[in-house]
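First comes the structure, then the notes that go with it.
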Amino acid sequence: MATKITGVFILILTITFSSSSAVTATQQAPSSSPPVLTCTEELVMFSPCLPYVSSPPNNMSETPDPICCSVFTSSVHSSTGNCLCYLLRQPMILGFPLDRSRLISLSQICTDQNSEESFESLCSVSESPELPPLQSIQFTNPFVSGNNVSASPQSVDLAPEVSPSSDLFSPETATLAPPPPPPPLPVLQYFSSDSLKIRNFWFPSTIIMTFATSILARI
């Protein structure tokens, strides 16, 4: 009797454990699926295609890289495939210009479709009237052509603060300098009344003597 009870108990534990394992496996299955990329992440993942789709002087490649084709194909066929339409509608979204014709050609080069307008038709207003929301991104252009660095989001340099120069007036540091001396007064010649009388006397006397001398000289 005890043996039968033990066997039934073991059977119940086995069934319970099997049911718990099945429920746990069912609950863990959805978590193994890869997360869906956001629109911003789709554009960042598109970076291997930039050497091909960038406008001069950033067009460093004449053919797209195999990684570019893989990223483009997976992005176009994903649920957020129209995120790449930002590249066609806003060519300067990454901070530097993109070649529209090369963007459209990726449909023919990287996919099995023969239609060159497949990517363009996907991004048309009729197919994608509204694009998914896009978070703000700052995409740095990694390409350099010759000695010129390609256009990239610029950092704003703030002008340095101007320190007060030594010749500016400062109430705290200014010292009062003595005023300049007044200009010298003009020198005036003063004469006493006696000397003025003598000068007035000699002046007509001289004229008379000169006039008398000239008369005597004529006689």
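Positions of Cβ are set from backbone N, Cα and C atoms, glycine also.
Straight from Swiss-Prot, the features:
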SIGNAL    1-22  signal peptide
DISULFID  CYS39-CYS85  disulfide bond
DISULFID  CYS49-CYS68  disulfide bond
CARBOHYD  ASN59  N-linked glycosylation site
DISULFID  CYS69-CYS110  disulfide bond
DISULFID  CYS83-CYS123  disulfide bond
CARBOHYD  ASN148  N-linked glycosylation site
REGION    152-181  region 'Disordered'
LIPID     SER192  GPI-anchor amidated serine
Disulfide-bonded residues clustered about CYS123 (disulfide bond) [Cα within 10 Å; pool: CYS49, CYS68, CYS69, CYS85]: CYS85
Inter-residue Cα distance where the pair is CYS49 (disulfide bond) and CYS39 (disulfide bond), in Å: 16
Neighbour tally for CYS123 (disulfide bond), based on other Cβ positions within 10 Å of its Cβ: 20
Cβ packing number for ASN59 (N-linked glycosylation site), 10 Å threshold: 17
From recorded positions ASN59, CYS68, CYS85, the one whose Cα lies nearest CYS110 (disulfide bond): CYS68
Mapped DSSP class for CYS39 (disulfide bond), helix or strand or coil: helix
Distance check against CYS69 (disulfide bond) for the disulfide-bonded residues CYS49, CYS83, CYS85, keeping those with Cα within 10 Å: CYS49
